[in-house]
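These notes are about the structure you will find just below.
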Amino acid sequence: MKWLLLAAILICLTYSFPIDNWEEDPEFKGNFCEGDMDLTEEEERELFAEAESRNAVMGKSRRWPNKTLRYRISRSIDKEHKDHIIYAMNVIQNVSCIKFERAKAGDDAYVHVTGNPTGCHSRVGYQHSVQQLNLEKFPINSGCYRTASIVHEFLHALGFLHQQSAPNRDKYVKIVPENIVVGLRHNFRKYSKSLVTDFGIEYDYGSVMHYGPYAFSRNGKKTIIRLDEEDDKVVMGQRMGLSMKDISS
C-alpha cells in the first residue's frame, strides 16, 4: 500500500536491498522532509495537520494534467545515466496509466532532473512550474541510480508519499523513538487521514516507498519494527523494484 496525496493520480508501479547504514543512503542526504521529500513549509504543515486546519495547498491542483508528467533532463547528465533515468520512467509507464513526455520549448511546468551532489530528492506532486528532481551521480545500479530509487523519486513527483507514515501504520509497524537520532524524530510523523488515500490496498512492507528498519537510527538498532512476523520474508526498505502491491495499486 502506498499513500498518495488525494490530489495525485492513481498509478501502478518492479526488488536492491536497503543500504545497511542509513547515513550512507543518498535518499537521506539532502535533509528534506523524511529524507527526500522537498516540501515548502506550508505543504509540510498541511501534510501533517488535522483535517479541520488544512487549506488547499496540496489539493486537486497537484494532479499532473492528462496523467502526463513532462520532464527535462539536465545537459550535465551523461548519456548512460540519462538512458537509465528513461528506463526507470518506462518501468512506471509500462504498468500504469501514467505517461512521461519530454518537455517542449515553451513548456513552463515540468520536472527538471538534475545531478547535484545533494542525494536523491524530489518535489511532491504537480507544482504548476518547473520543479526539481535530483539524482546525485553514482555508478549505474547504485546509490541514486538504483532503478527503484529513480522510480521512488518519480513517484514522489507524481504525488506518492512514504508508506511508513501512513495514518494506519501503527497497526503494522512499531516506531521506536529512543533509537531515532535526536532532532530527526519528526520524520516519523503520520500523515493527515483526510489528505492521503491507499486506494484500498493493504499496508505493504515491501513497497518501494517504505523506509528500511534502521532509518535515522542513532545506535544501530531498529527504528521501525514490523508487527506482522508472518510477512517477514518481505524486505522492508527494498530498492530492487516495485512490489506486487505497488503494481496492483
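Any Cβ shown, glycine's included, is placed from N, Cα and C.
Whatever TrEMBL says is automated annotation, not expert-curated.
Here's what TrEMBL has on this protein:
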- GLU153: active site (ACT_SITE)
- HIS152, HIS156, HIS162: Zn(2+) binding site (BINDING)
- 55-249: domain 'Peptidase M12A' (DOMAIN)
- 1-16: signal peptide (SIGNAL)
- Note on the structure: Excluding its own, the Cβ atoms lying within 10 Å of the Cβ of GLU153 (active site) add up to 27
- Other CB atoms within 10 A, centred on HIS162 (Zn(2+) binding site): 25
- Query: Sequence gap of 6 or more, C-beta under 8 Å: which same-chain residues meet both conditions with respect to HIS156 (Zn(2+) binding site)?
  - Reply: ASP36, MET37, SER122, ARG123, VAL124, LEU133
- Whole-number Å value for how far HIS162 (Zn(2+) binding site) lies from the residue listed as 'active site' (Cα to Cα): 11
- Query: So around the Zn(2+) site, HIS152, HIS156, HIS162 aside, which residues have their CB within 8 A of the centroid of those CB atoms?
  - Reply: GLU27, GLU34, ASP36, MET37, SER122, GLU153, LEU155, PHE160, LEU161, VAL208, MET209
- Query: Just how many other Cβ atoms lie inside 10 Å of the Cβ on HIS152 (Zn(2+) binding site)?
  - Reply: 25
- Query: Which value does the mean pLDDT take for the domain 'Peptidase M12A' (55-249) in this predicted structure?
  - Reply: 89
- Task: Specify the secondary structure state of HIS162 (Zn(2+) binding site) as given by DSSP, simplified to three classes.
- Result: coil
- Using DSSP, would you call HIS156 (Zn(2+) binding site) helix, strand or coil? helix
